[in-house]
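Written out below as structure tokens is the structure these notes cover.
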């Protein structure tokens with residue numbers, strides 16, 4: 001196991017460097033730079049532009065700019081944001097990262113809490129009414145993009161508020177009415193705000209995870225050793241959870257590593273639709289403004305987490321699957 | 001506008017902010033709106049929305065020297081910081097010194113220089129100071145109104161002890177806002193990043209800022225900025241009655257609010273189609289295309305541009321592209337400044353027959369394919385580019401192309417990313433500036449000042465950074481240098497009537513020669529919760545004061561009517 005981990009760690013280095021170079025080239029290949037956006041405003045004088053250019057090092061060669069960022073990144077300095085008054089990138093991305101994580105965790109708990117029982121039910125009673133009903137639901141869940149569900153939900157909540165006065169939080173992370181809330185009140189408030197976006201976010205993974213798990217379970221339960229165990233009179237609970245489930249869950253475990261970068265990369269357009277202060281809106285803005293260090297550093301961090309996540313997946317797989325041994 | 005007797009004190013104004021603020025530090029802040037700006041009292045002088053003139057604000061008195069370069073101010077004796085200390089000439093002096101230090105990199109830096117020459121300042125007493133500019137220009141008044149003081153006992157002290165780094169290290173968002181020392185009506189109470197900022201009244205502000213009934217301003221006790229990064233989400237919040245002000249930017253947003261109001265679901269006021277915004281879209285031809293002398297020749301010919309202007313159907317643009325909410329533009333003065341627009345500038349209005357006549361006079365004849373050709377058989381065909389992110393400009397481009405096609409001018413449209421467009425129009429390299437790669441383009445210009453709204457040097461000068469048609473430093477047509485000289489003259493003219501007269505001459509040159517073909521300005525709309533009172537009266541709300549500068553409301557004079 002240890003040599004495997006060392007080998008994986010060594011592989012990390014060139015992968016990481018290559019990913020950084022690639023992202024940097026892509027960003028620089030886009031026309032213009034951070035300062036281009038000021039050109040339409042006659043109040044920004046050429047002298048002011050020149051000053052900013054020097055301040056952000058945009059007057060240096062591309063290679064030099066990359067090298068400065070890269071060496072700083074290695075030392076743990078993620079650089080500064082151009083469009084946020086030179087705030088350190090880390091200060092800028094840490095709070096939205098945490099916010100994104102809240103949504104991802106809520107929706108994860110929700111999706112596994114629903115997907116696993118549904119899959120087990122579906123696998124043990126295939127083609128029953130509920131199983132069929134859920135299949136239909138899954139098609140919708142997978143087929144319709146979540147931002148559309150989001151807009152639909154906002155419209156419904158708005159109509160609800162306008163007609164009945166019921167105030168289910170529509171957007172944002174907390175409500176403005178509570179002044180100096182206790183930690184529990186604050187948690188409750190955030191939970192209420194996160195509820196609708198995380199349910200919508202969970203819809204897709206409930207649909208896909210439950211389908212995959214159901215299929216896996218059905219396949220495992222059809223295996224000879226399961227039939228033998230059943231014939232020998234092994235009780236249902238043990239059969240299901242110790243033998244069938246453990247084998248069926250492997251593909252999901254393999255996918256767990258992918259969750260680590262998901263924490264960082266945010267919950268996508270759902271954050272935009274619900275004005276959730278996560279990482280996606282910040283990154284979209286950074287792309288628009290060519291705020292290069294914000295983009296570079298976040299991508300670099302995601303790359304590292306992706307690689308580490310994959311390693312963790314491998315370890316987890318070894319833990320649950322006795323056939324896998326890294327030696 | 002409210003009667004003084006109606007006004008109620010207190011309450012919270014709930015606003016929306018589309019992105020997080022960056023810092024509390026006024027010297028490093030670049031974003032807009034910035035948190036330090038919200039906590040500033042303002043400048044030594046400010047604009048009277050009724051007359052449009054500058055008048056003393058934090059200063060009690062202002063005098064201008066005979067040569068028009070030196071401005072002397074006496075400060076109001078009641079001025080105080082939020083920690084109770086007096087605001088004195090020292091605060092201004094150290095603030096200017098910090099702004100003028102390149103190492104600090106403050107956004108107002110360039111305002112303290114004119115070329116290599118620096119603005120200078122002098123303390124004349126505890127409450128009086130003078131500012132001397134290198135040249136006499138009327139824009140100096142604007143500059144003075146931007147220069148807001150910062151506390152000398154905080155920033156001045158840090159600057160003297162540790163220089164630029166000392167100033168930059170102060171007041172980042174991690175500090176406790178209780179320690180902020182500000183001059184403005186409100187002071188930050190609490191900031192939860194990504195969620196909201198709350199500000200509460202600075203009691204010292206009212207010592208020198210009172211309404212006509214002698215009541216201390218502001219009326220509103222608290223401001224609350226909710227960070228809602230998405231415009232649709234912020235509309236949803238307004239429709240749900242969770243925020244107080246909203247500025248619809250298109251017909252759809254406006255109608256959603258109007259529908260909710262009509263159905264009795266929302267208690268709001270709407271002011272639609274109030275006036276043009278402070279920006280305009282324009283079309284121009286590339287005069288610097290040395291690799292294609294034929295096209296360069298056409299584009300430099302005044303008759304060609306006049307003919308093209310006669311193919312711009314501005315009524316259709318307003319009707320079809322802006323949904324009826326827009327204004328035709330004719331010169332570098334935005335439609336917003338209606339009393340600055342010179343008479344008879346709409347000389348080359350939509351008139352396809354007139355365009356054909358002019359093109360025929362230039363020697364163009366229709367070929368067998370219906371497209372005009374010059375005497376040497378070159379087809380009258382060119383490409384019109386604009387940025388791919390902007391639907392409005394794309395539609396404007398297509399409308400122009402459609403009208404042009406009807407008279408035999410082949411206009412191809414091509415939409416590219418904004419930054420690429422800017423690079424194409426304004427290449428950095430001097431050689432590339434003489435052979436730019438595009439034929440014609442549509443882009444926009446926004447902001448600028450209102451003291452001399454005819455434009456800025458970089459727009460009117462040959463080769464200026466914002467001069468779209470001619471990026472070569474040498475003027476090509478005589479009217480270009482005439483126009484620029486007139487502009488330089490207008491900058492020195494403090495008398496507003498004379499300044500307008502010069503602006504009229506500049507616009508007459510523009511209307512005749514059409515370096516830029518100005519198209520349309522969008523219209524602005526406002527909506528607010530009925531509990532918010534104290535908007536400007538309708539008669540001054542149009543057109544200038546409902547602009548991007550002032551909005552429909554002076555927050556200082558607004559109040560909340562909680563029912």
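Any Cβ shown, glycine's included, is placed from N, Cα and C.
TrEMBL: automatically predicted annotations, no manual curation.
Looking at A:97-121, A:222-246, the range annotated in TrEMBL as transmembrane segment turns out to be A:97-121. Sequence-distant contacts of the transmembrane segment (A:12-30) (same chain, six or more residues past either end, CB-CB distance under 8 Å): 62, 66, 69-70, 73, 290, 292, 295-296, 299-300, 303-304, 307-308. For the transmembrane segment (A:292-320), the list of distant contacts is 1, 4-5, 8-9, 11-12, 15-16, 19-20, 23-24, 27, 33-34, 65, 69, 73, 78-83, 89-90, 92-93, 246, 249-250, 253-261, 263-265, 279, 282-283, 286, 326: same-chain residues at least six beyond its ends, Cβ to Cβ under 8 Å. Highlighted: of the candidate stretches A:97-121, A:133-158, A:184-203, A:97-121 has the greatest count of Cβ pairs under 8 Å to the transmembrane segment (A:248-272). Using a Cβ-Cβ cut-off under 8 Å and counting only residues 6 or more beyond its ends in the same chain, the transmembrane segment (A:97-121) has close neighbours at 130-131, 134, 173, 190-191, 194-195, 197-199, 201-202, 205-206, 209-214, 217, 240, 245, 259, 262-267, 270-271, 276-280.
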